[in-house]
Amino acid sequence: MTRDLFDDECSPAPWVQEIGEDAVILRHFAIAQVDALLEDIHNLQDLSPFRRQQTPGGFWMSVGMSNCGSFGWISDRKGYRYVAIDPVTGSPWPAMPDLFYQVAVEAAEQAGFKDFVPDACLINRYEIGTKMSLHQDKDEQDMSQPIVSVSLGLPAVFMFGGQSRQDPVQRFPLFQGDVVVWGGRSRLNFHGVRPLKADLNAPNGQGDVRYNLTFRKAF
DNA sequence: CAGTTCCA
DNA sequence: GGAC
């Protein structure tokens, strides 16, 4: 998709920003669905609460996490893995809301991944000061399927590197409604999120929180 | 090494 | 910012 003069100046329509090989930011892609997505998150957290998790090395991640869909990503001292049962509730993860699934599949298709069938959605809650260090998503079985990441709430700075930890890292601001899709040659690229800052321009407590939905095909 | 790490 |  290309931008015309109108879009370039003032349109809220979505546009595509290439950030690497087989990797794009779909700017404003989910802008019309933001309120409904946030309401879904609000409902989901009652069924499967946000919790901080421990890395295999014993450090506590700062970001609050939950999941929906057939499988959820968890971390503890035993390692990273996908499980069908939420260890906090002892029940299956909540079903993936239809809207989540639709947004993820359409974003993937827009990015050139025609047959994305996500079976897992990790929901990350970033509060002020929290971050996600540079890492790879490599716990999935089928690396031919992309990663789809939806940004909601406060803006954040996304880091996108290469397949090696030593590769240079680019930084991109992510705003509410933006969707990042990476796969193919970028599927195993390192990525992360800089410590979240309060929105100096909206001190009226629009919520000092950022949510990120990360869709994967785990199995 | 998905670290509010730790060091400089 | 880099190393572990």
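For all residues, glycine too, the Cβ spot is worked out from N, Cα and C.
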Annotated companion of A:Tyr80, A:Arg81, A:Tyr82, A:Asp139, A:Arg165 at the substrate site, TrEMBL, chosen from A:Trp73, A:Trp93: A:Trp73
Same-site residue for Fe cation (record: TrEMBL; known: A:His135, A:Asp137; options: A:His42, A:His191): A:His191
DSSP-derived helix, strand and coil totals, residue by residue, for the domain 'Fe2OG dioxygenase' (A:117-219): 3 helix, 44 strand, 56 coil
Separation of alpha carbons, A:Asn124 (2-oxoglutarate binding site) and A:His135 (Fe cation binding site) (Å): 15
Which same-chain residues, if any, lie at least 6 apart from A:Arg81 (substrate binding site) yet have Cβ under 8 Å of it: A:Trp73, A:Ile74, A:Asp139
Integer Cα-Cα distance in angstrom, A:Tyr80 (substrate binding site) to A:Asp137 (Fe cation binding site): 10
Shell list (Fe cation; ref centroid = CB of A:His135, A:Asp137, A:His191; cutoff 8 A): A:Met132, A:Leu134, A:Gln136, A:Lys138, A:Ile147, A:Asn189, A:Phe190, A:Gly192
